[in-house]
Amino acid sequence: MGLEEQGRAREDTPLLGKGRPLSSKFKTFANVFIAIVGAGVLGLPYAFKRTGWLMGLLTLFSVAALINHCMMLLVHIRRKLGVSNIGSFGDLGFAACGNLGRFVVDILIILSQAGFCVGYLIFIGNTLANLSKPTKSTTLMSLRHLMGVSPKSLYIWGCFPFQLGLNSIKTLTHLAPLSIFADVVDLGAMAVVIVEDIKITVVQRPQVVAFGGMSVFFYGMGVAVYAFEGVGMVLPLESETKDKDKFGKVLALSMLFIAVMYGSFGVLGYMAFGDDTMDIITANLGAGVVSSLVQLGLCINLFFTFPLMMNPVFEIVERRFWSGMYCVWLRWLLVLAVTLVALLVPNFADFLSLVGSSVCCALGFVLPSLFHLMVFKDEMEWKQRALDVGILLLGVILGVSGTWSSLTEIFQE
């Protein structure tokens, strides 16, 4: 196997690359954190505003428990099959139900990864447009009136040529360390927002609600599922763990820690701003220097995370349509498609809910429970069978209802 082939990414390739030594418990914990925590957390306060803080918390912790359970289902399936070359979700789909299984997983991974990148562009466009609101006539305003486009669209199109260049890189080894930067900036932004939330809450106590009603339940589920999406990384992470018998415990503790962090962030953000909570919480921080630096930092980290998240899409599309060979024009077409979708979607949090309700529900709930049913069908007790069927049906119901709810919200904008 040549060096170039070894450097090619697959849908199971961790963003930080695969290290030679196996991972300790702490490193596994950190890898789970990096694989899951992303920009979705910034939409949680707005989701709590829609669902109510108590319903939001219940939804968040329920989704965390379900995602953790379904991740472990994938691990149990691989151990049961005992096939050494099952390294990714797609490989497991093929082992469980042949080419159809791999095809379905591939399609959903393409949609989910591309959906994340659409969300990144929406965030960048909306944030930069918010930061650069002119107080008088400027070149930006002149361009807007001349071209008939919004500032958000101008910023997204401004990213486009640079993304073409970044996504033309065959191997992302040199960009991979930026995923560490992305998580550091995310944590920094969360810390700044939490501090500001506490300071604002002490001064003013806006009215908040505990339950927003069942009409927004599926909306909240979609945002929560998006925020915890990372099921495709569980197999490579488990493969790299030194003490595999303790992997389930480490994963559960990681998910609990992330859920507590997410819940605190969402509740404090909503408690601070109440009905004025915006779809991207950093926009509530005002126009100060610290706020601007945090928002610019988030834009930069998402800008460089974009090609990392698109890499699994390129791998799948090139494997299926270009014999696995590098194809720059195919990559450019995919980047163009993602850009065009980002231009059409107005609201960051609404889009999180759409992707979470549709694609992430299928990847996180439906497929793991379905594959588990198929592989363990001859030795399952009725309780386990009922649990798998229940999760499968829940995933389908949440997917259909949440997708409809999110599309309704988007088209009402």
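Just so you know, glycine gets a Cβ as well, placed from its N, Cα and C.
What Swiss-Prot says about this protein:
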TOPO_DOM  1-27  topological domain 'Cytoplasmic'
TRANSMEM  28-48  transmembrane segment
TOPO_DOM  49-54  topological domain 'Vacuolar'
TRANSMEM  55-75  transmembrane segment
TOPO_DOM  76-103  topological domain 'Cytoplasmic'
TRANSMEM  104-124  transmembrane segment
TOPO_DOM  125-145  topological domain 'Vacuolar'
TRANSMEM  146-166  transmembrane segment
TOPO_DOM  167-174  topological domain 'Cytoplasmic'
TRANSMEM  175-195  transmembrane segment
TOPO_DOM  196-207  topological domain 'Vacuolar'
TRANSMEM  208-228  transmembrane segment
TOPO_DOM  229-249  topological domain 'Cytoplasmic'
TRANSMEM  250-270  transmembrane segment
TOPO_DOM  271-288  topological domain 'Vacuolar'
TRANSMEM  289-309  transmembrane segment
TOPO_DOM  310-331  topological domain 'Cytoplasmic'
TRANSMEM  332-352  transmembrane segment
TRANSMEM  356-376  transmembrane segment
TOPO_DOM  377-390  topological domain 'Cytoplasmic'
TRANSMEM  391-411  transmembrane segment
Same-chain residue ranges lying at least 6 outside the transmembrane segment (391-411) that approach it to Cβ under 8 Å: 66, 69-70, 215-216, 218-219, 221-222, 225, 345-347, 350-351, 353-354, 356-358, 361-362, 364-366, 368-370, 373
Any contact, the transmembrane segment (28-48) to the transmembrane segment (146-166), with at least 3 Cβ pairs under 8 A: no
Folded-back contacts onto the transmembrane segment (289-309), same chain, C-beta under 8 angstroms, at least six residues removed: 15, 38-39, 42, 113, 116-117, 120-121, 123-124, 127-128, 130-131, 159, 162-163, 166-167, 169, 172, 175-176, 178-179, 181-182, 185-186, 188-189, 192-193, 282-283
Contact set, same chain, for the transmembrane segment (356-376): CB under 8 Å, 6 or more residues outside the stretch: 40, 66-67, 70-71, 73-74, 76-77, 80-81, 89, 92-93, 96-97, 101, 104-105, 108-109, 111-112, 115, 218, 221-229, 231-232, 384-385, 388-389, 391-392, 394-396, 398-399, 401-403, 405-406
Considering the transmembrane segment (332-352), which listed stretch of 55-75, 146-166, 250-270 counts the most C-beta pairs under 8 Å: 146-166
Sequence-remote partners of the transmembrane segment (208-228) [C-beta within less than 8 Å, at least six residues beyond its ends]: 36, 38, 40-41, 43-44, 47-56, 59-60, 63-64, 67, 255, 258, 262, 270-271, 274, 349, 352-357, 360-361, 364, 398, 401-406, 409
Summary of DSSP states over the topological domain 'Vacuolar' (49-54), given as helix, strand and coil counts: 5 helix, 0 strand, 1 coil
